[in-house]
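One structure is given below, encoded as structure tokens.
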Amino acid sequence: MVMIGTCMVIGDGVLTPAISVFSAVSGLELSLSKDQHEYAVIPITCAILVFLFALQHYGTHRVGFLFAPIILAWLLCMSAIGLYNIVRWNPQIYQALNPVYMIRFLRKTKKSGWMSLGGILLCMTGSEAMFADLGHFSYSAIQLAFTSLVYPSLILGYMGQAAYLSQHHNLDASYQIGFYIAVPECVRWPVLVLAILASVVGSQAIISGTFSIINQSQSLSCFPRVKVVHTSDKVHGQIYIPEVNWILMILCVAVTVGFRNTKHMGNASGLAVITVMLVTTCLMPLVIMLCWDRSPWLALAFFLFFGSIEALYFSASLIKFLDGAWVPILLALILLAVMFVWHHTTIRKYEYDMHNKVTLEWLLALGDKLGMVRVPGIGLVYTDLTSGVPANFSRFVTNLPAFHRVLVFVCVKSVPVPHVLPAERYLVGRVGPPGHRSYRCIVRYGYRDVHQDVDSFETELVESLATFIKLDALFRCSDAAGDQQRDSSYYERENALTVIGSNPLRRHLALGYDDSHSHDDGASSAGSDRVDGIELAAAAPAPAVVKKQVRFAVAPPRSPGVDETVLEELHELCEAREAGTAFILGHSHVKTKPGSSILKRLAVGVGYNFLRRNCRGPDVVLRVPPASLLEVGMVYVL
């Protein structure tokens with residue numbers, strides 16, 4: 001259900017810019033001859049759409065200050081024109097706000113009135129795009145703007161059109177009855193320019209919303225990996241996805257050229273919007289019961305009241321299938337297939353990894369069986385598992401019996417919250433006893449967080465490991481002081497992870513600093529970082545190679561809580577960082593089991609592998625430097 005709603009939002013990102021710009025430019029039909037109109041509206045609309053999508057690369061922060069004045073001017077203009085038409089043509093039109101007329105209309109027109117609901121739905125479409133602004137404004141700000149400005153302006157605008165039409169029944173059939181027919185001729189050209197600008201701003205809102213929902217779907221493993229560019233350093237939510245941007249542009253131009261009128265575009269856009277509303281209403285009872293902890297009867301009442309209204313509009317839009325409504329359905333089916341295949345196969349791969357992971361005992365026994373060699377440096381093994389040793393690493397060490405002196409199993413997880421605080425980002429624990437120098441680190445990002453560059457990530461990871469070593473030593477000392485016996489199985493517990501940064505034991509760390517080393521070797525203290533006895537600094541740049549250096553400030557031997565084994569472990573961590581870091585990733589290929597159905601072979605064997613080959617690899621998403629990358633081939637049989 002959520003995937004269907006998401007696909008319809010993406011489809012709305014195709015249809016809303018097309019119908020918004022086309023309907024704004026179509027005002028030229030009242031100022032041009034019929035022949036000129038046919039050859040002018042479509043090219044102008046396509047040119048504006050191409051220009052709009054071409055500007056997405058630069059972000060909206062440079063011209064965003066113009067958006068609010070344009071929309072404000074447009075809403076006030078629409079309100080003024082509506083008031084003018086109400087006063088001039090039918091001052092009694094305000095009585096149409098009475099819901100009794102709606103009931104009379106449906107009773108009198110019956111089936112034809114029900115079918116017209118698909119067109120009436122277009123009065124609401126567009127305003128729902130305000131959801132895209134949730135990343136920039138608060139709920140109260142959007143509620144205030146909608147109730148005090150947007151909604152009254154819409155009501156006045158439509159009342160003005162109704163007042164005009166109530167006195168003008170004989171209209172020229174060669175023109176479409178639209179917004180511009182009720183605009184006074186003396187202000188038609190300024191209104192046309194303002195409408196085009198407002199349509200561009202409105203299209204920008206739904207395009208930004210499409211980028212945002214695809215980025216969030218990607219973070220939750222529901223969409224193939226794509227490139228996400230953050231266009232603003234100050235405003236977090238402003239992103240740009242090149243592949244999606246150009247696909248949206250091509251589809252928008254195709255819809256404009258293919259339909260050539262607002263009727264078919266409106267049918268398509270209306271079905272996409274009402275489907276999103278209906279899906280939201282279907283999911284809302286879960287929020288009422290599980291998140292708000294309200295009565296199931298309240299959730300049922302909400303669903304029946306709003307669901308029945310939206311189902312009426314949905315059915316009226318669905319009968320326009322052959323008149324344009326097939327477009328969002330086709331787009332949704334294609335996107336749904338892509339998202340479902342990617343998500344399903346990703347989950348099956350994770351289950352395969354869970355089934356084929358090796359035990360800690362197997363890892364600890366490798367040194368005796370294979371003559372394992374520990375080479376200098378830090379090895380970061382990326383895996384989706386939060387426990388055990390991944391199968392790709394076992395394949396690596398059985399064929400090449402050597403791995404790094406400090407081994408870290410890194411699991412990058414996107415959690416279903418918008419942001420993760422930096423103090424809660426890293427969870428660190430041991431894999432095996434302290435002498436094995438193997439750790440597990442779970443790095444948590446929210447679905448709207450920006451991943452760090454590799455240098456800052458590597459620095460923060462080493463700092464987190466150093467902090468964990470001291471916290472672990474302090475914890476063991478506190479247990480020893482309380483005469484609590486602890487066996488070696490403590491170090492092998494997979495759930496013994498510490499949240500680095502927010503742990504209350506950090507204030508009890510007694511490992512001191514030695515400031516005498518802060519200016520050695522010509523390194524500037526301004527460019528160095530320190531954490532709990534480890535100083536990280538960049539050495540003076542050499543002509544060709546810049547080598548990372550980590551200097552350890554030795555604490556006084558008799559400082560409280562200092563253990564020689566802890567100092568030794570910290571020294572080895574510093575030496576490993578100086579030797580360099582290698583990033584070990586699995587390079588996967590998916591195959592189906594013999595005897596699998598044709599549908600599964602097409603979806604997994606063909607569809608998923610095609611998407612995997614043509615989308616961004618995990619090394620690019622994780623920003624791994626190519627010079628330090630080591631890929632291990634892995635075949636998944638699902």
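Heads up, the Cβ atoms here are built off N, Cα and C, so glycines get one too.
Automatic prediction, not curation, is the source of TrEMBL annotations.
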Range among 112-131, 392-411, 532-551 that TrEMBL annotates as transmembrane segment: 112-131
Residue numbers, six or more beyond the limits of the transmembrane segment (191-214), whose CB comes under 8 Å of its CB atoms: 6, 9-10, 12-13, 16-17, 20-21, 23-25, 27-28, 31, 48, 52-53, 56, 60, 67, 70-71, 73-74, 77, 81, 126, 129-133, 135, 179-180, 183, 223, 226, 237-241, 244-245, 248
Distant-in-sequence neighbours of the transmembrane segment (321-342), which means Cβ under 8 A and at least six residues beyond its ends: 3-4, 6-8, 10-12, 14-15, 217, 221-224, 251, 255, 259, 263-272, 275, 603-604, 607-608, 611
Same-chain residue ranges lying at least 6 outside the transmembrane segment (137-159) that approach it to Cβ under 8 Å: 72, 75-76, 78-79, 81-83, 85-86, 93-94, 96-97, 123, 127, 130, 179
